[in-house]
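Just below is one structure, and these are the notes that go with it.
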Amino acid sequence: MRVMGFVAAVLVGLVVWAAPAEAAVSIQVDLSTQTMHVRSASGAAYDWPVSTARAGFVTPRGRYGVQSLQAMHYSHKYHNSPMPHSIFFKGGYAIHGTYATGSLGAAASHGCVRLSPNNAAALYQMVRAEGASISIVGSTPGRGDVQVARRRAAEPELVAYQDDEQPVVSRRHSRRDRANAYAARQAGYGGSALGYAPARRAAPSYGDWMENPFAALMRGD
């Protein structure tokens, strides 16, 4: 009887040991509000603005686990663009940081879920330590939300990167700037010409050069 009891205890222990640990971090992405809700077993709770797929692209809805983590990933599909603190959940779809923080809160990506760099780094550390379950709910923002995003995009903005899109470094003038310049010329006041000179690019790091020296040469770095 003692032997049978010992064997039973060993089997129970093996079953408990083999059972996968439940993910402690819950991540919910609401497409309708472009918001991420993060909850952990330790009691931490965060609500962060995100950017999901814009018109013509899809952020897949459903429940997912974490497939892989990459502290720095470069998009193979979109011009080798940087995707810091990537949390992949379905094939090439990932939650990751973006340097285009002005678009957060509006649909703007090719399908990934974008976060600010600081929030992406914090989430990455939580997921690496505790695991995570990811759910994506809601629906793609309607036309009114798209118009809001377009108005935001019309404002002057210095864009360093657009993560999973082609890197862009340029000065964009708002419609008001262009209208004022045109009115000044029509009235004979001359006005000032709008400048479109490219902004200064930061020199590539050693890691960037080693990762893709050809891309650095093409950019003129």
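Every residue, even glycine, has its Cβ placed from backbone N, Cα and C.
Because TrEMBL annotations are produced automatically, they should be read as predictions rather than curated entries.
Listed features, source TrEMBL:
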type     : residues : note
ACT_SITE : His96    : active site, proton donor/acceptor
ACT_SITE : Cys112   : active site, nucleophile
DOMAIN   : 25-137   : domain 'L,D-TPase catalytic'
SIGNAL   : 1-23     : signal peptide
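Taking the Cβ of the residue listed as 'active site, proton donor/acceptor' as centre and 10 Å as the limit, one finds 27 other Cβ atoms among all the protein chains shown.
Summarising the environment of the residue listed as 'active site, nucleophile', the number of other Cβ atoms within 10 Å of its Cβ, over all protein chains shown, is 27. For the domain 'L,D-TPase catalytic' (25-137), the model gives a mean pLDDT of 95. The residue listed as 'active site, nucleophile' and His96 (active site, proton donor/acceptor) have their C-alpha atoms 8 Å apart, to the nearest angstrom.
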